[in-house]
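What Swiss-Prot says about this one:
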- 166-197: coiled coil (COILED)
- 54-72: compositional bias 'Low complexity' (COMPBIAS)
- 73-95: compositional bias 'Basic residues' (COMPBIAS)
- 374-389: compositional bias 'Acidic residues' (COMPBIAS)
- LYS28: SUMO2 cross-link (CROSSLNK)
- LYS104: SUMO2 cross-link (CROSSLNK)
- LYS214: SUMO2 cross-link (CROSSLNK)
- SER18: phosphoserine (MOD_RES)
- SER33: phosphoserine (MOD_RES)
- SER48: phosphoserine (MOD_RES)
- SER95: phosphoserine (MOD_RES)
- SER149: phosphoserine (MOD_RES)
- SER386: phosphoserine (MOD_RES)
Amino acid sequence: MKAGKSERERSSRRRHRSGDALATVVVKQERLSPEPVAHRRPDAPAASPPPPAAESGSAGHRGSRARGASRSPAKKKSKSSGRRSKSPRTKRSRSPHYSTVKVKQEREDHPRRGREDRQHRELSEQEHRRARNSERDRHRGHARQRRSSDERPVSGQGRDRDSQILQAQEEERDFNNARRREHRQQNESAGAEAQEVIPRPAGNKNKEVPVKEKPSFELSGALLEDTNTFRGVVIKYSEPPEARIPKKRWRLYPFKNDEVLPVMYIHRQSAYLLGRHRRIADIPIDHPSCSKQHAVFQYRLVEYTRADGTVGRRVKPYIIDLGSGNGTFLNNKRIEPQRYYELKEKDVLKFGFSSREYVLLHESSDTSELDRKEDEDEEEEEEMVSDSS
């Protein structure tokens with residue numbers, strides 16, 4: 001009897017496990033709630049040992065019913081579940097309940113769902129940003145097209161107007177370049193040589209363009225100052241480009257109060273420096289009122305107009321004051337500093353407060369007056385010698 005009972009329990013457990021496994025598979029695939037298991041009420045009497053022999057009829061009836069139940073797994077399942085109701089809640093079934101499976105699935109799906117939501121949100125933000133950028137670019141393109149269409153003139157009139165604007169710009173540029181070039185040439189030549197001009201084309205008769213300036217390789221600035229040093233002293237004056245050595249033999253006749261001093265020949269150089277600094281001066285002036293570099297006697301090649309109207313060139317003497325303290329006097333008139341003054345035959349020069357006078361003459365000049373003065377001086381000297389004897 002006990003062996004049959006244990007056998008029935010084992011078979012019912014097997015069926016219960018297979019039924020639970022089947023129910024679990026159905027839950028995972030179809031996600032349906034399992035059929036409710038019929039539990040016996042807690043007040044139901046527990047399984048009692050088999051009745052005595054007096055109730056053998058009813059026991060036999062029950063045994064036949066149990067046999068019938070073994071054929072139908074559903075009834076056996078309810079019996080076995082009822083029999084197992086005594087066990088703790090955690091040991092009722094070894095297979096997980098549907099709610100537990102659902103919780104596990106939700107935990108597994110949660111990170112995937114969060115990742116998908118995040119990706120979807122990022123994609124939507126990127127699409128929104130892209131759409132906004134494309135809309136901004138489209139607005140900019142429309143504005144640019146509108147601006148270009150506003151600036152773009154009508155085809156025929158636009159071409160004419162563009163050509164006129166270009167022509168006017170070229171003319172203005174050429175005119176400005178010509179003015180700058182002319183101004184630069186005037187500054188360099190210091191108004192020495194007249195510049196030849198070339199008339200512009202027939203369209204611009206009122207504007208003239210000077211001859212193209214040739215490059216100048218002469219020293220200037222600090223280099224010129226370094227090269228303009230003589231015997232360790234920096235010379236204040238630099239000769240102009242038109243400086244020339246004269247062919248005519250000019251001379252300076254100095255006088256001190258009526259006394260004739262030795263003649264100075266000044267035709268061997270293009271310039272002569274006059275001053276108190278004997279180390280660098282070509283013509284020293286020892287009077288204390290004179291500056292170390294007082295003035296310069298300069299020969300320049302300049303243009304002049306002949307009697308027949310033609311233009312010629314000639315070397316003429318000039319005097320320039322180097323900004324001396326007490327000035328330079330030409331025919332008893334003080335001249336302006338840093339400015340050339342043309343000298344002529346028989347002009348008289350004085351420097352500072354010195355009493356010496358310098359008369360400018362050349363080899364062809366009439367020196368009869370000077371000879372007469374020299375003769376008078378010699379006669380006076382002879383008379384003085386005879387009186388003393």
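Glycine too: its Cβ is placed from the backbone N, Cα and C atoms.
If you take every residue in the coiled coil (166-197) and average the pLDDT, you get 73. For LYS214 (SUMO2 cross-link), the Cβ neighbour count at a 10 Å cut-off comes to 7, with all displayed protein chains included.
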